[in-house]
Amino acid sequence: MKSSISKPTLFLPKDGEMPLGRLPSSSFIRESGMISLNRWQNLAISYCEFDQAQFSQSLFSELHIKFPEKLNQSVTKRKAEYLAGRCSVQQAFQAAGLAWEPPGIGRHGEPCWPAGINGSISHSKALAVAVVSKREDYPFLGIDVEELISQNVAKQIQSEVLLPDELHLSKSIKLDETEFLTWVFSAKETLFKAIHKYVGKYFGYECAQVIDFKLESGKILLELTVNLAPGLHKGRRFTCITSKLSDHFLTLIASSG
Ligand SMILES: CC(C)(COP(=O)(O)OP(=O)(O)OC[C@H]1O[C@@H](n2cnc3c(N)ncnc32)[C@H](O)[C@@H]1OP(=O)(O)O)[C@@H](O)C(=O)NCCC(=O)NCCS
């Protein structure tokens, strides 16, 4: 059954203008823009559709994005995703009126944001998204995009991603099983990105549980099942916003604390 989750509004360019938060399109960047998810203040969310087949190393300097040494040995797919992710960050910075300072890569793979800035990045094969804010506005910020998980993959990962109570919840929600799994998987990855910097170590999908999934408003309520860090105790809740972007599942956590 189809979900009733609404599509985000995209800011469209005015005639002949290159609006803030839109990159010049090229063979690599096919389309880009800002995403408006109602009622989020002081938050710049951007997307960028890209074509891996058109990637070339020279794009890094052309697009003013520093090539990280860590990617020296990476395959083209990874370099293209990284570049598209940073392009998305760049347009979010521009839309937020922030001076462009490309985030580096931290010890755990996390983006290293400039002082006072918080953000998050996600990419699939052909779509990258980024969210940026002042850290004081949203100390917890995470974003994720996923393609629908296939039935084969669902069989392999379901028991790792879903807790027994979540399986139970899935039965009462009018969504296909794979769609439910995709949303929950994405929401938990978003939570990981939003709080990992405070936890400082890896934690698995069993550390948070979906306790409510409101299809109408597109909200997933997550609760921590364990004490992860000071202030991130068992029972602490985070609201995750869901939205469809093209064929992708987009989830976002933006919490002021
Ligand atoms: C780190 C992880 C969340 C990334 O998600 P993914 O679906 O593999 O990939 P995405 O494209 O969505 O995101 C990749 C981006 O995440 C960001 N990222 C990586 N590690 C991160 C971390 N520790 N904290 C915050 N962001 C991180 C990076 O910006 C990366 O892109 P980049 O390398 O191009 O900069 C995932 O690989 C992972 O380890 N998940 C298991 C942990 C988990 O989710 N537990 C559930 C907790 S309830």
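Placed from the backbone N, Cα and C atoms, the Cβ positions cover glycine too.
Because TrEMBL annotations are produced automatically, they should be read as predictions rather than curated entries.
Remember, predicted model here, so these are calculated numbers, not experimental data.
Taken from TrEMBL as is:
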| type | residues | note |
| --- | --- | --- |
| DOMAIN | 68-133 | domain '4'-phosphopantetheinyl transferase N-terminal' |
| BINDING | Arg78, Arg86, Ser122, His123, Asp144, Glu189, Lys193 | CoA binding site |
| DOMAIN | 141-220 | domain '4'-phosphopantetheinyl transferase' |
| BINDING | Asp144, Glu146 | Mg(2+) binding site |
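In the predicted model, the domain '4'-phosphopantetheinyl transferase' (141-220) has a mean pLDDT of 96. For ligand 1, the neighbouring binding-site residues among Arg78, His123, Glu146 are His123, by Cβ distance under 6 Å. All protein chains shown were included, and the count of other CB atoms within 10 Å of the CB of Glu146 (Mg(2+) binding site) stands at 19.
Under DSSP, residues within the domain '4'-phosphopantetheinyl transferase N-terminal' (68-133) fall into helix, strand and coil as 24 helix, 18 strand, 24 coil. Just so you know, the Cβ of Lys193 (CoA binding site) picks up 22 other Cβ atoms within 10 Å once every protein chain is counted. In this view, Asp144 (CoA binding site) is surrounded by 27 other Cβ atoms within 10 Å of its Cβ, with every protein chain counted.
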